[in-house]
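Positions annotated as transmembrane segment by Swiss-Prot: 9-26, 31-48, 69-88, 93-115, 122-144, 154-176, 183-202, 217-234, 247-269, 273-295, 308-330.
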């Protein structure tokens, strides 16, 4: 019996790994490199669920990917941060980043209220838009006690919209006259994922990409204080409503902070850092596959339309406002 359970666990884990690896490699191909591995992974998982159903017998391995590998990926995500660079070279951008995070969450909730959408998904999208996309959504989902299908829908939406916006940014840069500093800073402080920032920022050249990454990593850094604030708010609300259902601290975020400190104070060989970043990406993709398997097409039909409209409106407003601020500071 135990061996059968172990076999089912390994099959479930292998399923998420195979789809994740395929998505990782497919995203390196022309055209698909614009779509992104996250989007590919989630779409494959949702299509698998639609045509084959949820593989219930392998759920232990799938759940392991959606919970433990996701947390491990977020811990390793901290290795992307160098706190000295963000506070030093990127201090001006960090000030903008604070405004971006606050604006994204508040605007998302405001538009969502007008559209009578799902508040939990709007919160996830607000944090994802303001901070760092899928990783931020996954990090705060336990704080909001979000359902896995809501987390998956939010991540799928933000991956798709971020890709579209990054392509729009490259078109705007090609058509209109814009300095590399303005373009890089604008991309860094307003696009959703690091991958989107790399895609758009890289189009402006190495100087634009450098400042874009500084702007983006400042937002990743803000995940630390933001989660603390959110935990305090949710704990206060839970204590007001009842003593039950206390909000626990997502301890993997402590690992995220430790990794950020390690990368700041310890010189890690670039080869090792590349390996760890790849491991982090694969683990994150495996988690996305596992989350995507929890989403049926009827969920997308019933729950994704209003959040999609909400994030489009919010992203347009954020991009416009961010451009005005960046143009004023860097022109």
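Each residue's number is its place along the chain shown, starting with 1.
Cβ atoms are placed via backbone N, Cα and C, with glycine included.
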TODO: Run the contact check on the transmembrane segment (217-234) against the transmembrane segment (69-88): 3 or more C-beta pairs under 8 Å, excluding pairs closer than 6 in sequence.
DONE: yes
Task: Candidate ranges 9-26, 122-144, 154-176, 183-202, 247-269 - greatest C-beta contact count to the transmembrane segment (308-330) (under 8 angstroms) - done: 183-202
Open item on the list: Under 8 angstroms for C-beta pairs, at least 3 of them, ignoring pairs fewer than 6 apart in sequence. Is the transmembrane segment (93-115) in contact with the transmembrane segment (122-144) by that rule?
Closed with: yes
Task: Range from 31-48, 154-176, 183-202, 273-295 with the greatest count of C-beta pairs under 8 A to the transmembrane segment (69-88) - done: 273-295
Task: Listed stretch, out of 31-48, 122-144, 154-176, 183-202, that has the most CB pairs under 8 angstroms to the transmembrane segment (247-269) - done: 122-144
